[in-house]
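Participant: Take this structure first; my questions come after.
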Amino acid sequence: MKRDKGKVLLLFTGGTIAMKKGLDDSLDVTDMLIEEHPEFSNIIESVQDRAIVDIEFLFNIDSTNVDVECWQKIGKTIYEKYDDYDGFVVSHGTDTLAYSASAISFMLQGIGKPVVFTGAQLSLKNVYTDGTNNLINSILLAANYDIGEVCILFGTQIIRGTRGRKISAFDLQAFTSINSEPLGTIGLFFKLSKNVMWRKDILGINYRDQFDSNVVYVKAHPGLDSKMFKNMTADARGVVIAGYGAGNVPERLLPDIFEVVEKDVPVVVCTQCLVGKIELKMYKVGSSLEKMGIISAYDMTPEAATVKLMWCLGQTDNLDVIRSYFSRDLVGELS
């Protein structure tokens, strides 16, 4: 399912590839980018036979500062320009890229076109940069293939947006697919998996951009005590606990977790492990969590579980509805 030459909107949001200067509305945005990064002209030239590329700067920030408003700006831009392009590429800083890819996945369910998140470990100015190949491959994927979902392209892997995790601060293959095979790999050619959601399978975009950022992420560790847990979760509207293994937490915290649950605050437990899923019935502590009404994240990544809870709370405060959302695979986030 491939097209000869597609039209792509390339959105810059910051990170190592993005321009450093302030924007000047009197200049063409592509010229501005080339002025800051002359190497970018080679990228545009290399894809011109297979893609028509428009460029837009949404914001230029370190991705550690990305928040819900940033997600909404990305999602709104894609939604409003949906009919004008065959695909979209989002250039994004790597530190929170997995969160943003998950957020856009939930926000634009049924997207029906490729939305490709990418970035770089090294600036375009660096002779060893991975940014050039990542951008070229992302543009070609968005322009020439009928993928109908949000994905992450980094190095040699194409990963579902809700399955990606950054696993290295320094390796050029910085992201991997968790508990799911990649959507594709890149060598001399693109090799796509049978698990890809294709354009023909999509019924229509469902745009829901509300998130509740008042969700606390707590990682279980041997030093976590009752006082710390209570302080962290006191005013939260939702809590995600990254438990050990199949979903275990320190037994001393059970009364405090129950106290949160009793306030009708959704508490989700995910695993800290890179491989595996939540199985609360396996151990005594996990069984206790299940009995008190903890929500299982199954095999979701911590990033996807956190963003999904933020998105759920943006739609409803009905705990039963939130449980229902978490029991279902909405955008490929769980098996």
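In case you wondered, yes, glycine gets a Cβ from its N, Cα and C as well.
Any TrEMBL annotation is an automated prediction that lacks curation.
Pulled these from TrEMBL:
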ACT_SITE  Thr16  active site, O-isoaspartyl threonine intermediate
ACT_SITE  Thr16  active site
ACT_SITE  Thr94  active site
BINDING   Ser63, Thr94, Asp95  substrate binding site
DOMAIN    7-186  domain 'L-asparaginase N-terminal'
DOMAIN    214-326  domain 'Asparaginase/glutaminase C-terminal'
Participant: Roughly how many Å lie between the Cα atoms of Ser63 (substrate binding site) and Thr94 (active site), rounded to a whole value?
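Facilitator: Their Cα atoms are separated by 7 Å.
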Participant: Sort the residues of the domain 'Asparaginase/glutaminase C-terminal' (214-326) into helix, strand and coil with DSSP and give the three counts.
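Facilitator: So the counts come to 54 helix, 20 strand, 39 coil.
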Participant: Can you name every residue in this chain, apart from Ser63, Thr94, Asp95, with its Cβ inside 8 Å of the center of the Cβ atoms of the recorded substrate site?
Facilitator: Gly15, Asp62, Thr64, Val66, His92, Gly93, Thr96, Leu97, Gly119, Lys166
Participant: Near Asp95 (substrate binding site), how many other Cβ atoms are within 10 Å of its Cβ?
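Facilitator: A count of 16.
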Participant: Count the other Cβ atoms sitting within 10 Å of the Cβ of Thr94 (active site), across every protein chain shown.
Facilitator: 21
